[in-house]
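First the structure, in the form of structure tokens, and then the observations on it.
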Amino acid sequence: MPLRNSSSVTEFILVGLSEQSELRLPLFLLFSGIYVFTVVGNLGLITLIRLNSSLHTPMYFFLFNLSFIDLCYSCVFTPKMLNGFVSENIISYVGCMAQLFFFCFFVNSECYVLVSMAYDRYVAICNPLLYTVTMSPRVCSLLTFGSYVVGFAGAMAHAGSMLRLTFCDSNIIDHYLCEVLPLLQLSCTSTHVNKLVFSAVVGAVITISSIGILISYALILSNILHIPSAHGRSKAFSTCGSHIVAVALFFGSGAFTYLTTSFPGAKDQGKFASVFYTNVVPMLNPLIYSLRNKDVKLALGKTLNRVLF
């Protein structure tokens with residue numbers, strides 16, 4: 001059955017961040033800058049890792065995929081978001097469902113890639129002698145492939161349950177992207193199944209990711225505390241500092257967004273809070289993993305020397 005026949009609504013209007021006309025130009029300039037920085041930063045990190053053999057290690061393999069995911073899911077909605085600041089932001093029904101699917105796919109995949117990175121740090125610190133064997137190219141590929149497969153399954157569950165709904169009255173989405181919860185508010189049929197699917201998928205992602213990361217870092221902390229020298233403890237902490245910051249920003253901002261939207265009258269606060277994990281975190285990740293990383297700085301210097309001289 002064609003998608004259009006499943007709904008009397010053939011297009012949606014995205015309200016965006018603000019309906020105040022005087023704020024549209026400043027917001028357009030702000031988010032254009034964030035988007036350019038996100039694309040350049042993540043694409044630059046991907047290229048750097050790809051071109052430098054010194055960065056062909058498990059840690060940078062996962063970082064390569066993290067940057068790829070950040071780049072992709074920023075491109076899923078940001079161009080449409082920017083368009084909304086300069087004109088009426090209309091998206092077709094099919095386009096909205098596609099945006100919902102790819103956004104859920106990349107966000108879910110990022111959660112599991114972050115878990116894989118935590119496991120990589122655990123092996124590197126707690127079992128350094130077996131690191132190359134435990135984190136072999138095959139294992140790294142399987143962990144990454146599994147992250148994408150589970151992310152795909154979650155996105156299919158969200159999109160599949162959304163396709164069963166009928167939208168027959170309002171077509172105005174009070175958001176800047178086609179998110180699950182704002183869309184459910186527009187349906188004129190029962191959303192009970194959708195809410196169950198949403199709770200199950202999001203709950204599974206958060207539970208599995210949180211448990212995996214917490215266990216990894218509990219074992220890392222236990223191992224570090226047994227290191228006799230302060231220098232050794234500091235060096236061990238520094239190898240996972242960037243990942244801890246990235247995890248805290250991503251999961252912290254995401255949790256705050258959905259907790260905020262659960263309170264009555266807090267819709268606008270949730271919408272603005274979601275900007276942080278959808279726009280700001282993908283921009284910050286390349287900085288987090290490069291500013292304090294000697295390997296990346298050294299690889300960048302070598303690459304620039306080859307290109308310029």
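Cβ coordinates come from backbone N, Cα and C, glycine included.
If you look up TrEMBL, you'll see 41-289 marked as domain 'G-protein coupled receptors family 1 profile'.
Feature annotation from TrEMBL assigns transmembrane segment to 27-48 (among others). Sequence-distant neighbours of the transmembrane segment (27-48) (same chain, 6+ residues past either end, Cβ-Cβ under 8 Å): 17-18, 55, 63-64, 67-68, 70-71, 74-75, 78-79, 81-82, 85-86, 279-280, 282-283, 285-287, 289-290, 296, 299-300, 303.
The transmembrane segment annotation in TrEMBL covers 60-79 (among others).
Outside the transmembrane segment (91-119) by six or more residues, the chain places 3-4, 7, 9-14, 59, 62-63, 65-66, 69-70, 72-73, 76-77, 80, 140, 143-144, 146-148, 150-152, 154-156, 158-159, 162-163, 167, 173, 177-180, 183, 201, 205-206, 208-209, 212-213, 216-217, 243, 246-247, 250-251, 254 with a CB less than 8 A from a CB of the stretch. Among the features that TrEMBL reports, transmembrane segment is placed at 91-119 (among others).
For 139-157 (among others), the entry in TrEMBL reads transmembrane segment.
Distant neighbours of the transmembrane segment (196-220): 108, 111-112, 114-115, 118-119, 121-122, 125-126, 154, 157-158, 161, 180-181, 184, 236, 240, 244, 247, 251, 255, 258; these residues of the same chain sit at least 6 beyond its ends, with a Cβ under 8 Å from one of its Cβ atoms. Residues or ranges marked as transmembrane segment in TrEMBL: 196-220 (among others).
Summarising the annotation, TrEMBL assigns transmembrane segment to 240-260 (among others). Listed by sequence, the residues of this chain that lie at least six past the ends of the transmembrane segment (240-260) yet keep a Cβ under 8 A from its Cβ atoms are 66, 107, 110-111, 114, 117-118, 121, 125, 202, 206, 209-210, 213, 217, 220, 266, 269-270, 273-274, 276-277, 280-281, 284-285, 288-289, 292-293.
Residues annotated as transmembrane segment in TrEMBL: 272-291 (among others).
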CB contact flag for the transmembrane segment (139-157) and the transmembrane segment (272-291), at least three pairs under 8 A:
no
Who are the long-range neighbours of the transmembrane segment (60-79) in its own chain, taking Cβ under 8 Å and residues 6 or more past its ends?
31, 35, 38-39, 42-43, 45-46, 49-50, 99, 102-103, 106-107, 109-110, 113-114, 116-117, 120, 137, 140, 143-144, 147, 176-178, 246, 278-279, 281-282, 285-286, 289, 295
